Amino acid sequence: MKYKRILLKLSGEALMGNRQYGIDPERLAEYAQDIKTITDKGVEVAIVIGGGNIFRGLAGASNGMDRVQGDHMGMLATVINGLALQSALEDADIPTRLQSAIKINEVAEPFIRRRAMRHLEKGRVVIFGGGTGNPYFTTDSAAVLRAIEIEADVILKGTRVDGIYNADPEKDSKAVKFNNITFDDVLRKGLKVMDTTAFTLSQENKLPIIVFDMNKKGNLLKVVSGEKVGTEVNL
Ligand code: UDP
């Protein structure tokens with residue numbers, strides 16, 4: 001395997017499958033199977049999960065809700081998704097721990113870096129819920145932050161698009177995919193990979209990002225074994 005320790009970022013929307021809202025248990029079970037193929041090969045896996053399938057603070061704010069209040073709801077949504085993912089992983093016989101950035105001790109461990117790293121060394125998948133624990137941030141920022149903290153080799157952003165294109169491939173049939181691209185080129189060309197805060201944090205810490213289609217079975221294993229799938233952003 002090319003990577004020994006990875007941080008997988010899954011958006012909340014990815015968990016919806018074909019639904020409009022919430023969680024599709026079949027999609028979760030598929031993800032769990034894909035994750036099992038790499039943990040079986042000894043890859044250490046940490047996951048940051050989003051909350052957009054349930055609630056986003058910005059959406060609340062655009063309807064007149066206090067932004068911070070909405071962000072607290074969004075962070076709780078990521079904990080709900082984390083619990084669902086934990087349960088799907090356990091059904092696939094993968095040992096897991098859920099750590100939350102906001103205290104919710106009866107439900108999840110608090111985020112403790114050393115403990116998270118110990119879990120990984122013991123072969124447990126660690127799911128990080130609650131984002132960064134702060135309003136005005138996203139789970140992409142949480143993903144980069146946690147990846148750096150646990151010294152992950154790479155951040156894998158599992159999406160429904162198979163990489164980074166020069167235009168939106170869902171809208172423009174002529175859009176061309178990049179196999180590799182530098183952080184500087186992403187910024188120069190104004191491409192959207194992650195929000196700027198998350199992206200810059202990754203760049204400053206020399207943490208490569210691979211964007212790939214997580215909905216294609218077997219892709220996760222390919223990415224982790226170093227096959228050219230998706231787009232790699234590097235220095
Ligand atoms: N959120 C937050 N701080 C964080 C991470 C997330 O306040 O560090 C809130 C924010 O309201 C966000 C919501 O949680 O809209 C869900 O996260 P995100 O939008 O990143 O989820 P995704 O798009 O990955 O599903």
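All positions are counted from 1 along the displayed chain.
Even glycines carry a Cβ here, placed using N, Cα and C.
Nobody curates TrEMBL annotations by hand; they come from automatic prediction.
What TrEMBL records for 4-213 is domain 'Aspartate/glutamate/uridylate kinase'.
Secondary structure from DSSP puts GLY52 (ATP binding site) in coil. Sequence annotations record features per position, and here TrEMBL assigns ATP binding site to LYS9, LEU10, SER11, GLY12, GLY52, ARG56, THR159, TYR165, ASP168.
According to TrEMBL, the UMP binding site annotation covers GLY51, ASP71, THR132, GLY133, ASN134, PRO135, TYR136, PHE137, THR138, THR139. GLY51 (UMP binding site) has a Cβ environment of 28 other Cβ atoms inside 10 Å.
Around THR132 (UMP binding site), the C-beta neighbours below 8 angstroms that are at least 6 residues distant in the chain are ALA101, SER141, ALA142, LEU145. Here the candidates are the binding-site residues ASN134, TYR136, THR138, and by Cα distance the one nearest GLY52 (ATP binding site) turns out to be THR138. Within 10 Å (C-alpha to C-alpha) of ASP168 (ATP binding site) lies none of the binding-site residues GLY51, TYR136, THR138. When the binding-site residues LYS9, SER11, GLY51, GLY52, THR132, THR138 are checked against ligand 1, SER11, GLY51, GLY52, THR132, THR138 have a Cβ within less than 6 Å of one of its atoms.
Rounded to a whole number, the C-alpha distance linking GLY51 (UMP binding site) with LYS9 (ATP binding site) is 12 angstrom.
Cβ atoms within 8 Å of the centroid of the Cβ atoms of GLY51, ASP71, THR132, GLY133, ASN134, PRO135, TYR136, PHE137, THR138, THR139 (the UMP site) belong to the same-chain residues GLY57, GLY74, MET75, GLY131, SER141, ALA142, site residues excluded.
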